[in-house]
C-alpha cells in the first residue's frame, strides 16, 4: 500500500476547511488522476500526500508510515522518496537547466555533494538523458529564464524523473503545454510509472486527458471525494454534477464521457 487516508480533514491556517472526511487507498504502481473544479482541494490533497502539509484530523499513511509521527530528519528522508511536480516549477531564473534537473537528487545526497553540484553538475549525462525523453536535450545549459512556460514544466518533470521516486505526484503538470505536447508528456509519465512500478497521482483540469491516460479517476469537489471510479465507468452524469456551475459545457462533457474513456497506458 502506497497511500492510505482515513477520515482526513485539513484546515488551512486562515480557517478554511480544504479537505473533509477523505477516505482513500492507493496501491503501489497505480496510476490515478484527480479531477474537479478550481478550488476543489486537488492541490491541497497532493501537498498532503507529499507530506508538505499535515492533516488536521484523521489518519495518514504514506509509503507505509505516518509522516507526522516521524522526526524531522526521518520525514526529510521520506520526502526523498517522493517527487512533486508543480504546475509552475519553482526554478531560479538564472539557474541552468542541467543544475535544475540534477536538483532532483539533492534529498538523497549529502550537503557536500549537493553544494558541489551547484558549482559543477555531477551527472551531466544523466540529466541529458532524462531531458532527451522530453525533447529538451538541446536546452541542457540554457538558463531557466530563457524557457517558455511549457518548457519549464517539462524541466520540472525531468527533475522528478531524475530523482527516481517511489511516489510521483503531479499538480497540473501539462497546463502550459499545447494539446499534442500535453498528450505526449502524460503518455511518457504513465510509461515511466509502468516501467518502474511507480505510483503516479496527477491532478488535471483537462478531463479528456485524465480519462485517456489514467485507469482510475477520482473526482473531488468542495474538499470531498465526489466519485472514485475506473476511467471506463465515468459517465456524463458524474461529470455534470462534479462540474456543476463550472465552465464546462454539456457538449464537452458528453464528448468526453462517450468518446474518451479507455486508458492508453
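Any Cβ shown, glycine's included, is placed from N, Cα and C.
Pulled from Swiss-Prot, these are the features on record:
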DOMAIN    3-247  domain 'ABC transporter'
BINDING   36, 37, 38, 39, 40, 41, 42, 43  ATP binding site
Query = Of these binding-site residues, 36, 37, 39, 43, which scores lowest on Cβ atoms within 10 Å?
reply = 39
Ask   = List, in sequence order, the same-chain residues at least six positions removed whose CB sits under 8 Å from that of residue 42 (ATP binding site)?
value = 34, 35, 36, 171, 203, 220
Request  = With an 8 Å cut-off on Cβ-Cβ distance and a minimum sequence separation of at least 6, pull the same-chain contacts of residue 40 (ATP binding site), or say none.
outcome  = 220, 221, 222, 223
Ask   = If you take the centroid of the Cβ atoms of 36, 37, 38, 39, 40, 41, 42, 43, the listed ATP site, which other residues of that chain have their Cβ within 8 Å of it?
value = 203, 220, 221
Query = Should residue 40 (ATP binding site) be counted as helix, strand, or coil on the basis of DSSP?
reply = coil
Request  = Please work out which residue of 38, 41 has the most C-beta neighbours within 10 angstroms of its C-beta, and give that one of the binding-site residues.
outcome  = 41
